[in-house]
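**Student:** Found this in Swiss-Prot, in case it helps:
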- 335-347: compositional bias 'Polar residues' (COMPBIAS)
- LYS52: SUMO2 cross-link (CROSSLNK)
- LYS143: SUMO2 cross-link (CROSSLNK)
- LYS148: SUMO2 cross-link (CROSSLNK)
- LYS298: SUMO2 cross-link (CROSSLNK)
- 354-406: domain 'bHLH' (DOMAIN)
- SER6: phosphoserine (MOD_RES)
- SER62: phosphoserine (MOD_RES)
- LYS148: N6-acetyllysine (MOD_RES)
- LYS157: N6-acetyllysine (MOD_RES)
- LYS275: N6-acetyllysine (MOD_RES)
- SER293: phosphoserine (MOD_RES)
- SER314: phosphoserine (MOD_RES)
- LYS317: N6-acetyllysine (MOD_RES)
- LYS323: N6-acetyllysine (MOD_RES)
- SER344: phosphoserine (MOD_RES)
- SER348: phosphoserine (MOD_RES)
- LYS371: N6-acetyllysine (MOD_RES)
- 201-360: region 'Disordered' (REGION)
- 413-434: region 'Leucine-zipper' (REGION)
- 100-108: motif '9aaTAD' (MOTIF)
- 355-364: motif 'UBR5-degron' (MOTIF)
Amino acid sequence: MPLNVSFANRNYDLDYDSMQPYFFCDEEENFYHQQQQSELQPPAPSEDIWKKFELLPTPPLSPSRRSGLCSPSYVAFASFSPRDVDDGGGGSFSTADQLEMVTELLGGDMVNQSFICDPDDETFIKNIIIQDCMWSGFSAAAKLVSEKLASYQAARKDGGGRSPARGQGACSTSSLYLQDLSAAVSECIDPSVVFPYPLNDSSSPKPCASPDSTAFSPSSDSLLSSAASSPRASPEPLALHEETPPTTSSDSEEEQEDEEEIDVVSVEKRQPPAKRSESGSPSAGSHSKPPHSPLVLKRCHVSTHQHNYAAPPSTRKDYPPTKRAKLDSGRVLKQISNNRKCASPRSSDSEENDKRRTHNVLERQRRNELKRSFFALRDQIPELENNEKAPKVVILKKATAYILAIQAEEQKLISEKDLLRKRREQLKHKLEQLRNSCA
């Protein structure tokens, strides 16, 4: 399908500059005329005074298509066969026109809206966005921009010296593109200059190869074909790139943005720049496990179940066995609650509440036992045996009188017993005398 059907004679500067959208509050009023009159004469009492200072509500101008030819779709332009362009009459277009056609087709205007800079400028390396760790995800995008700019510059230099004839075939175009790619790789920014420490093993950009490296030399055809199929740098070895299918520029940009998301919260390991450059070289076949660093932050759980040594010793008393089990269970629960609150300043208050509660339990137990004793005493008094509502004072008085009566009767019985014993003794003596007289 020829790509220059509808893009043959289009001037993008005129299209964007001549059709600027303007927004008016009312279509019938003359905005410029009203503004000029408001500048010359003061506003009427019924007129809004702020209309005098009102500006034209125009949106920001779009960047010129001619000034930003560093579009990321240049890689996609080099990937398709130039035979389609030549067959469709594309031989009369320059390299810039073909780049604009591919940019319009793919809609790749990311670079014009985000990064418009010169890769040879020293301020590009010292840019605060690159130096900032929060914006370090844009370093790979900036590197991509520098590669595209370098490739476009090489294409312009070669395009100025070439003849207008473009019927050489796919081999010449692909070799030219590979030379531009090697030039772009040689001019890219070394991440070791910008980032002395790696941000992440999977997302950190690898240092670019030198211009004299064999990985990007035009003599090695297999590696160059793999670089043509995937023009973006990858953390994996270059030998594995031959099996990867060719991808478009938009897909590869989305994949790179997904891969280079950086977790700002986590604290990653730090290696010296020498070791990082050795581990990040393309000749490394496998990623070694990073050594443990003391800078890694870990969350640990501190147990709060500790004994409160500052608490005063509890004074235990010997209680009856029937109530000791309940008191022990209550103390166990209270000790658990006190251990949970050992770090709070209310530990002494909780201990006082525990002692007060224990005292209340013991007092209630004493009162219950006293009541049972009164009931037992009432049952022993004949006058109050069947009186369940007898007060304690009456029970005590009747009990005292009953005890005194019992004691008096006891003394009477004791004296009577003594008299009977004496009488027995007398009778026994008299019986003995009678036996002796009969004998």
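Note: Cβ is positioned from N, Cα and C throughout, glycine not excepted.
Since the structure is predicted, the reported quantities are computational estimates derived from the model, not experimental observations.
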**Student:** Roughly how many angstrom lie between the C-alpha atoms of SER348 (phosphoserine) and LYS371 (N6-acetyllysine)?
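**Tutor:** For SER348 (phosphoserine) versus LYS371 (N6-acetyllysine), the Cα atoms are 35 Å apart.
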**Student:** Tell me the residue counts in helix, strand and coil for the motif 'UBR5-degron' (355-364), as DSSP assigns them.
**Tutor:** 10 helix, 0 strand, 0 coil
**Student:** Distance check, please: Cα of LYS157 (N6-acetyllysine) against Cα of LYS148 (SUMO2 cross-link), rounded to an integer number of angstrom.
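**Tutor:** It is 14 Å, counting Cα to Cα.
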**Student:** If you count other CB atoms within 10 A of each CB, which of LYS143, LYS148, LYS157, LYS371 wins among these recorded positions?
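**Tutor:** Top count of Cβ atoms within 10 Å goes to LYS148.
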**Student:** Measuring Cα to Cα, how many Å separate LYS371 (N6-acetyllysine) from LYS143 (SUMO2 cross-link)?
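**Tutor:** Just about 95 Å between their Cα atoms.
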**Student:** On the DSSP side of things, how many residues of the domain 'bHLH' (354-406) fall into helix, strand and coil, could you say?
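**Tutor:** Secondary-structure breakdown of the domain 'bHLH' (354-406): 42 helix, 0 strand, 11 coil.
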**Student:** Tell me the residue counts in helix, strand and coil for the region 'Leucine-zipper' (413-434), as DSSP assigns them.
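**Tutor:** With helix first, then strand, then coil, the region 'Leucine-zipper' (413-434) has 22 helix, 0 strand, 0 coil.
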**Student:** Across the domain 'bHLH' (354-406), what is the average pLDDT of the model, as a whole number?
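**Tutor:** The answer is 92, the mean pLDDT of the model over that range.
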